[in-house]
Amino acid sequence: MDLLKIKDPSFMKQLDIKELEALAADIRAFLITSTSKSGGHIGPNLGVVELTIALHYTFNSPKDKFIWDVGHQSYVHKILTGRANQFDTLRKHGGLDGFPKRKESIHDVFETGHSSTSLSAACGMVIARDIKKEDFYVIPIIGDGALTGGMAFEALNHIGDMGKDMIVILNDNDMSIAPNVGALHNVLGKLRTSDKFQQTKTNIDKLIRKIPTAGEKLADTAEKTKDSLKHLLVNGTFFEELGFMYLGPIDGHNLEDILTNLEIAKRARGPVILHVVTKKGKGYQPAELDSRGTWHGTGPYKVETGSFIKSVKTAPSWSSVISNELMRLATADERIVAITPAMPVGSKLEKFAKAFPERFFDVGIAEQHATTMAAGLATQGMKPFLAIYSTFLQRAYDQLVHDVCRQKLNVVIGIDRAGLVGADGETHQGIFDISFLNSIPNMIITMPKDEVEARQLMVTAFDYDAGPFAIRYPRGNGLGVELTESNTLIPIGEWETIIQPIDAVIVTFGPTIQLALKAADQLETEGYRVGVINARFIKPLDETLLHQMIKQKIPILTVEESLLKGGFGASVLEFIETNNYTDVAIHRIGLPDEFISHGSVPVILESYGISEAGIELKIKEMLAQSEKLRAKRL
C-alpha cells in the first residue's frame, strides 16, 4: 500500500484482517527505511504497529481520543493520520515532531514527551466528557515502564474510584529505555507467565458478565474466537482491586486478538485495562535482540547490518567523563553512592553499577523519590550523586526545595543533557534548570568549560559540605582535552579569566566558552580587544570580579544556552541593581521566554544569536553604542 497517500484512518474500516496484516507489514518496512535515514524512536514504534492499527480500526479518531504516554511510540499513529509524506523531515528544524503535537494534527489530542502523564490527562477528558454529556471514548496508551511512575499510580487510584468509562491500554514490552525495576514490574511479569494465561470458560464468563446487556452474547462470541479463552485473565488482582475491569494479557502482534478484546472493552461499563504484550523492535532483528535499550532511540543506521552511521567522535561523552570521575572518587570513598531515575545507560552509570552494585540505585521513573532518597542518604553521612537529565529534574522541584536545599544537605546533582538537546524538542530541552534552581537558597550551580574542569568540579562538589552542589553538563561529546590530574579544588564562586578584557568582556560558561573564544579571536583581527571570562559558578556569582569589571567601565556581554528569564545574565543584572550601579553597559544573549522546538543544536543556536557570528555582532553593537555615549558626554 502507498502509505504516502493516506489522508486519515477512515480507509481502514473497509479492510479485512489479511489486508490489515499487509498494512502492518508495509508500515514496518516504511518505519525501518525512514528512520534509518533520520534516526528516531524505532524500537518502540515497531512494537506497536498492530496495536495502533487495531485502535484506529476500532475507534474513530479524532472523536475518540488517543493519548500516547511519553509519545515516542506515536509514529504509526502519525502515518495512519496522514503524515507519512512528512517523515523525511522527522525531528528536523521546522519538520515533523517526534512526539504528538496538537498544532500538527487534530488527531494529536494531547502532547506528551515525559512519562506517566497520559492517565491523568485521560481522567480530565472523561470528566469533561461526562459533565458536557458528550459521547466518545478516551483511550490512554501507557507502557509498563511509564506505569511505574508515581503520577500514573495517582491517576489509577482516582480513575478506579470514579468508575467512569475509560479504556486503558497497557503496552507491556518488558523493556523501557533501561530494564524496568520495581514491584509493579514484577507483578506484570507474573501476569505474563501465569498459568491463567490459559483461561477456562468459567473465568472468562466471570469477566464478561460485568458487561451490561451484551454480556451473554459476547461470552458466546469469545468462546468461538480463536485463542480468546486464554487471553481474558481474571488474575489481574492489582488492577481489579483499584476498580478496573482487567483484560489480558493478550498477544500484541495478533490483530484478531487485539480487535476482539477492544470490542469487549468498548462494551464494558467503567474503567477497563487491556494488558497487551508486545515486542519492542518487532520485525527488525537488531532491534528485537536489543537488551540494553540501544534501539529505543537511534541516529541513522544501515538497514542491512543494523550498524549505526556515526559521526567522527574524537572525545568521550560528557556523561562518560562525569561517570568515570565518579568511579574514581567512589573507589577511594565508600560513602559515595549513585542514584538514577531509569537512565543508567544514558548517564553512563553501567560501569559504576557493576563495580559497586551495593552503592548503585536505579529507582525507575521516580524523580521525586530519587531526590528525597538522596536527601535521606545525606542525613546519614553518605555522599549521594543524583544523575538526572535536566528536563527530568524539573519533576522533582518540590523535593529539591523542601528536602534537599532547605536542610542544606550534601547532595551532588549531575544535571545531564543541560542546554539544548536538539531532535527531541520542546519536552526535552534542558533550558529551564538554571532559572528554577537560581531561586532556591543554598544551591550551588556550576558548569565546566572542558573535561578537566568537569573532573575538578566533581572533586570540589564531593569536598563541599555546606549543602547541595549541581554540576551541569551537555549532551554529546567533550572537547577531547587531555585529562590531567584532577584533584584540584576550585574555590567556591571563583570565575576564571581566560582572556584579560580591555575593550569589552564576554562572560559565559560551559560549551559556549568555545564560541566566545572564537569570537574574541576574530574580533581581535578587527582591532577589538575583548576578554573572555569562564563563569563556571553560575551561582554564586564571582562578585569580586564583577565589581572590578563594572568599576573599570568594561562593557559586559553575558552568553548562555539557557533561558534569559531567571537565568545567568538576569543574576548579573540583579547584582548590578542590588549594588546600586548605574550607567553599566551590559547586554545578554540567550534563549527567549518560549518553548524551543526540535532541530539540530547548531541551527537552533544560530537562530537565537548564540553563535560566533551572533557574539561578534553584539559586541560591535555594544562598543558602537558606548562610543556614542562617550561622544555625547564630551
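The backbone N, Cα and C atoms fix where each Cβ goes, and this holds for glycine too.
Per Swiss-Prot, the candidate among ASN85, ASN173, ASN261 that belongs to the thiamine diphosphate site alongside HIS72, GLY113, HIS114, SER115, GLY145, ALA146, TYR284, GLU367 is ASN173. Looking at ASN173 (thiamine diphosphate binding site) and ASP144 (Mg(2+) binding site), their Cα atoms lie 7 Å from each other.
The Cβ of GLY145 (thiamine diphosphate binding site) has 28 other Cβ atoms within 10 Å, all protein chains considered. In this structure the alpha carbons, written CA, of GLU367 (thiamine diphosphate binding site) and ASP144 (Mg(2+) binding site) are 17 Å apart. Counting only same-chain residues at least 6 apart in sequence, those with a Cβ under 8 Å from the Cβ of HIS114 (thiamine diphosphate binding site) are VAL70, THR391, PHE392, ARG395, THR427.
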